[in-house]
Amino acid sequence: MAEKFHILLLNGPNLNLLGTREPDKYGKTTLADIVSELETQAQALNVKFSHLQSNAEHVLIDTIHQARGNTDFILINPAAFTHTSVALRDALLAVSIPFIEIHLSNVHAREPFRHHSYLSDVAVGVICGLGADGYQYALQTAVKRLSTSN
C-alpha cells in the first residue's frame, strides 16, 4: 500500500551529540534512538519518513528547498539556529510546507537569549521541554493534521 504522506525530520547543530552532550538538559537518548522510534511509528502510520541532521545551516536550507513538492510536513529541531537564523525561517516560508518546531529542553526556562525563536511565529506549533517524547508528539500531530485536512 502506498504511503499516505511524507514527513521530513530536520535536526540542527550539535544534535548528533545527543545522549552524551549535557544529558541533564537534553537527556540520555541518542538521536539515532529518536529517529529509530520515529521510523517505527511512521511505518505503523503508513507514512514515509526521512531524516537529516546537519551542523551546517546551508545544508538544512538546501534540504528544505528540495522538500518542496514532495514533502507534506516538516518536523524541525533547529537547535541553536532557532535563535539566529533568518535564512532558515525564510527557507521554510518559501516552500510553504507546514512545520512543527521541536526542542528537547524548555527553552523558556533557560538563558534569555534562548527565549527568542525566528521560527515559532510561522510554525504550526512548538513543542519544548518534553524531551525525546516531543518528537513523537510532533509526528502524531503532523499525521493527524494531514489526515484531517485531506
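Residue numbering: from 1, along the chain as shown.
Using N, Cα and C of the backbone, Cβ positions are placed for all residues, glycine too.
Per Swiss-Prot, active site, proton acceptor is recorded for TYR26, and the stated evidence type is sequence analysis. Positions annotated as active site, proton donor by Swiss-Prot, on the basis of sequence analysis: HIS103. The feature substrate binding site is assigned by Swiss-Prot to ASN77, HIS83, ASP90, LEU104, SER105, ARG114, with sequence analysis given as support. The annotation site 'Transition state stabilizer' is assigned in Swiss-Prot to ARG21 on the grounds of sequence analysis.
Taking the features listed in Swiss-Prot, we show where each one sits on the structure.
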residue : record                             : Cβ neighbours (10 Å)
ARG21   : site 'Transition state stabilizer' : 12
TYR26   : active site, proton acceptor       : 20
ASN77   : substrate binding site             : 25
HIS83   : substrate binding site             : 16
ASP90   : substrate binding site             : 14
HIS103  : active site, proton donor          : 22
LEU104  : substrate binding site             : 24
SER105  : substrate binding site             : 18
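Nearest in space to HIS103 (active site, proton donor), taking C-alpha to C-alpha distance over the recorded positions TYR26, ASN77, HIS83, is ASN77.
Classification of the residue listed as 'active site, proton acceptor' by DSSP places it within a helix. Between the C-alpha atoms of TYR26 (active site, proton acceptor) and ASP90 (substrate binding site), the distance comes to 27 Å. In this structure, the C-alpha atom of ASP90 (substrate binding site) lies 29 angstrom from that of ARG21 (site 'Transition state stabilizer'). Under DSSP, SER105 (substrate binding site) is assigned to coil, being neither helix nor strand in the three-state scheme.
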